[in-house]
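To start, the structure itself, in structure tokens.
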């Protein structure tokens, strides 16, 4: 059974699509564990749900596609892909349903992440490398057909979880650096939103273990500082809060006010800072959009808006490069 999920809602509301998608995915996975599911959405927040369904083997295959153009060459495949299934023999040679893919997947990820690791640039070479050299010890006493099927299941999971990408020419690109994995952990934390630092540590450690990434308590502390500096989290009375915050984060007194000799109206300035206290990806990317944001939130005229822009630069909150904006805080 192939299912392609699109958002077609009769009614709209806050988080309506999230609830709609969760409801129907629950129905599909409960009634048809052989389903192959595609989610057409640019929202990377769904990737955690995709990974959960994969890890628990609740569907034959599932993938999120950001663009309809990807549908033609980013197939919603189970393992192995259709081209490899053509010659697959009888059902009795298929992996047992209870067999976990986790040890094979982790072995592959660890091998590909080793310093100076061999990372094949073509799909058929990656299949051969994993089959013959990386997973060979785990394949002891298994039939060739099962080994091939498991190898392709591992590759499919690497692709679906965006550890690799494969283009139309079957060239393989890898996204498995420490920074790539930290981005995955950051996205996971911002979705899960652990409420205390102890829960935060547990969530980061658990996700790092799943991604075969070694982290220490100091690393987790540095990661928390990074999120704080990005204005994505803050701690109040032992609790962690997540952006957007209910109230603007208190700002330090201007350090470079003497440079312009101009001080903004305090109430208007707080509204500007509140408007920018969101994830960087959601902040205005162009100077025209930033002007409109200042005017809309602080009710400033043209001259006052320009002074606000200069004040933001003087305090090194942002830098204007031509028509684009680079945020420094």
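The chain as shown is numbered from 1 upward.
Keep in mind that glycine also has a Cβ here, set from the backbone N, Cα and C atoms.
A TrEMBL annotation is a machine prediction, not a hand-curated record.
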Region 'Disordered' per TrEMBL - which of 39-58, 59-78, 79-98, 99-118: 79-98
PLDDT averaged over the residues of the domain 'PIN-like' (10-55): 72
